[in-house]
Structure formats: C-alpha cells, structure tokens
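S.K.: What TrEMBL lists as domain 'Ammonium transporter AmtB-like' is 25-420. Summarising the annotation, TrEMBL assigns region 'Disordered' to 444-463. Here TrEMBL flags 12-34, 54-75, 87-107, 119-138, 214-232, 244-264, 300-318, 396-417 as transmembrane segment.
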Amino acid sequence: MATSPFTQPRRLLPLFLGLFQGTLLLFFALFVTYEPSAQAENANLLANKVYSTFPFFQDIQVMLVVGLGLLLTFLPRYGLSALTHNFLLLNFSMQWALVLQGLLHHFHHGQVQLDLHKLLISEFAAVTVLISVGAILGRTSPCQLLIMATCEIPVYLASEWVIINCLGVLDVGGTITIHVFSCYFGLGVSKALFRAGQQPLHPKEAPTPRSDLMSLVGMLILWVFWPSFVAVLCQPGDAQHRAILNTLLAMSAGAITTVVASSLLERDGKLSPGHLQNGSLAGGVVIGAVADMAMPPVAALALGSLSALACVLGFRFLTPLLGRKLSLLDQCGIHNLHGLPGTLGAAASAMAILVASKDTSGSHFSQLSPSGGNASEVLGEQWGDREASRQALHQVAGLAVAVGVSLLGGLLTGATLQLPCLAQPPERLCFDDSLYFKIQDQVENPGPDNTTEEGALALKEQI
C-alpha cells in the first residue's frame, strides 16, 4: 500500500516534543543559573520588585491559559484541541524564547542568570504565537503549530530588537511589537499554507450557543486582566498608574461601542456573539502604544471606541472582502482584533507625541524595553518640535517594520508548513477533536453517528 503524505502523526508529536525538552534540560544543566543571592542591603529592594511584579505575572498567566484558551472554543467540536494546543504552545514558545533571549542578550561568562523579569519577557514573546495561530485555527496539526512557533519566535525577537532598540519606538503595551507583528505573521502563514481559492464554510465551523458562551467567558476573563498585560512593563509609580487607568477607560468604551455597532449592523437589532467576543477587547490592543503617555482621559475613551468600531466593521465588511479578493483565510479574525486596532494605536502614538511636544506642562513617557535590555526613558522634559517629529516618524517606521518583517516571515513559515511530514489534516477532518483526542463518550457509546471518529482512526491506522 502506498504511503500517505500524512505520515505517522501519532509518533511525530511526542518525538518532536521529547527531543525539544531533552535538549532544553541539557541547556539548563550547563548554562542556566539563578541570579546570585542579594546582599542584605538589597534584599528589601529585591523583595519589593518580586512582590510588585508577580501579581501582574499571575494575571497574565490567567489571561493566556484560561482567557485566551476559552476565547478560542467558539468552534463547537474543537474545544479540547483549542484549549490544549493553546496551553502547549504557551509552554513550548516560552521555553524556546527563554533560550534564545538568554543566548542573545543575557549570556555572560558562560551563564544565563534567570529571574522573573526574563521569564515575563519570554512569555510576551510566546503571546505572538498564540495570536498568530488564530488565523489557521482548526486546519493544522499540532506538529505544524510547533514548527510555526519555532520559526516565529526568532523572527519576533529580531523584529522587536529593531523596533525597540534601533528605532527607539515607544510601545510599552506591545501594540506594535506584539499585536501588529503576530497578526500579519499569522496572515502570512495562512496565505502561504492555503493557496486555494476561497473555501466554502466548513460544516463544523458554525458556532453553537454553547461554544459561543464558552468563548464569551474567555473574553470576560481577558477583559478583566488586560490592564496587567499593558502596565507590567511600565515604570512603577505614575506611569504604571496612568497605564492602568487608560487601559480601563479604553476597554470600557470599547465594550459599549461594540454593543452599539453590533446592534446597528443587524437588521433586527440583535447582537452578534462574534462581535462581542472580539470588539470588547479591541480597546486593550489600541491603548498599548500610548498607555503610559501623558494624555487626557478622553483620548483613551475615544481610542477605545474607534478601535471597537474598526473591529466590528472589519468582521462585517473587511473579512469577507479579503476572502473574496485575496482568498485570505482568517479563522479567528485576528486582523480585526489585532491588526486594525494595532495600526490605529501606532498612528495614535505618533499623534500623541506630536501633541505632547507642544504641551507647556511637559510630556512624560516611560518604557521598559520588552527585550529586557536597557530602559528607554524620556522623563519630565518637554520635547522640541524636531525631536517630536523624529520620534513620531520612528513610531510609523516601527509599524512598517512590524508589518513587513512579520508578513515575510509568515509567508516563509507557511511554505515550510506544507512539508508532507508535518501531518496537515485533510479538509474533511478539520475542526474535530476526535482526530487528536480520545473522546470518552464515543468510546463508551459507539454508534452510527461515530463516522468522524472512525474516519480519523482509519486514516491514522492506514498510514
């Protein structure tokens, strides 16, 4: 019997993960250690740093593991896979980013000294993978997702280094470096991986009331904890306080605007669960680039409303248009939630810098580099028109770098994911947990409706 290109999917995943974890164990044994114990006079300073950072870190963990995982369960027969693959990719990408960042930025005297901040920065890198996967959710195998993460993390680190360290872009909440980058990387992967024309709606794609409810719960968890994601890298004190307030205002305005826009777009005035699940979070995406800037509260409200409106309109009009004209598959609508608000946030940051330069009270920006490098700060002094114009141009240039590098990296990664050995599932078995999980109900109660499970198992055994 001829060998199918869908070769040994059951063995490839544990082999890949086993080799990765074994290599990582060896790397940690040889090169990774904790920072030296603090002297007595620095003990209180270190304790305060841990106590001030770890609550934010916990909030971000809840966002990524629970909130984002549940947000992806809108596909009714893919909930187990969405939650588990999200959890797997978070851990895999975080460890991979920790190794790469340690070798590139923190390798001194043959050792990488590990601390909570480096772990947090690695988790931020992992976020880009979790967002990008949304473009191809349900149509790829776990092996493909892991290879995608392996390729995306170094591309992200290079892009982030250029944007923050070379261009000096102010982006404390990751609007440009994380949200814009991950959106267009995911779209690039999708475009390269699915080159066929626009595909009809898969019978397992349509959400059910139960799956929409689970996804809505995920949105609520993300909404509650989002200020921690934006503010964790801000300078403690006034900048961090301002970032939390601006994020809360933007997200509150975005939630209300989403309800208004969704209701007006439907002829009967009913709300779309998909609009609520995404538009309510758009304010958190847009505010990241300006969260710690000295701007009036009304600006945060306006940005939240505009980003939510752009997100909802994108789902209603832009996504179908891109599907028809470019045959672009965007399963979760990441372009509407991350791409459009991210672009708006980058433009808003440039405008805020130009306006602040004319503020006689002085402007105040602060940022800790997401790369974990030296802090880039502009504190307590008024910018001249020339400096402000230069920084505004750098903000726009950072957006261009994020879009260009991510698209190119995504296209190349998508071409790599077409390798036959990576076990891409056939179209008829997409969006189904039974391809990757032992479904207990189906095992205990086999019957005539168990065709998908039988088909998946038959395919696996055949190859």
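Using the three backbone atoms N, Cα and C, a Cβ is placed for every residue, glycine included.
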S.K.: Are there residues at least 6 beyond the ends of the transmembrane segment (87-107) whose Cβ is under 8 Å from a Cβ of it, and what are they?
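M.R.: For the transmembrane segment (87-107), the sequence-distant neighbours (Cβ-Cβ under 8 Å, at least 6 residues beyond its ends) are 17, 20, 24, 27, 31-32, 64-65, 69, 113-114, 118-119, 121-123, 125-126, 128-130, 133, 142, 145-146, 149-150, 152-154, 157, 371-373.
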S.K.: Of the listed stretches 12-34, 119-138, 214-232, 300-318, which one has the most C-beta pairs under 8 A with the transmembrane segment (244-264)?
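M.R.: Per the Cβ count, the answer is 300-318.
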S.K.: Which of 12-34, 214-232, 300-318, 396-417 shares the most C-beta pairs under 8 angstroms with the transmembrane segment (54-75)?
M.R.: 214-232
S.K.: In the same chain, who gets a Cβ under 8 Å from the transmembrane segment (396-417) while lying at least 6 residues past its ends?
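M.R.: Residues 132, 140, 144, 147-148, 151-152, 155, 158-159, 162-163, 167, 169, 171, 176-177, 180-193, 343, 346-347, 350, 424 contact the transmembrane segment (396-417) from elsewhere in the chain.
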S.K.: Let me know the model's mean pLDDT on the domain 'Ammonium transporter AmtB-like' (25-420).
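M.R.: The predicted confidence over the domain 'Ammonium transporter AmtB-like' (25-420), as a mean pLDDT, is 90.
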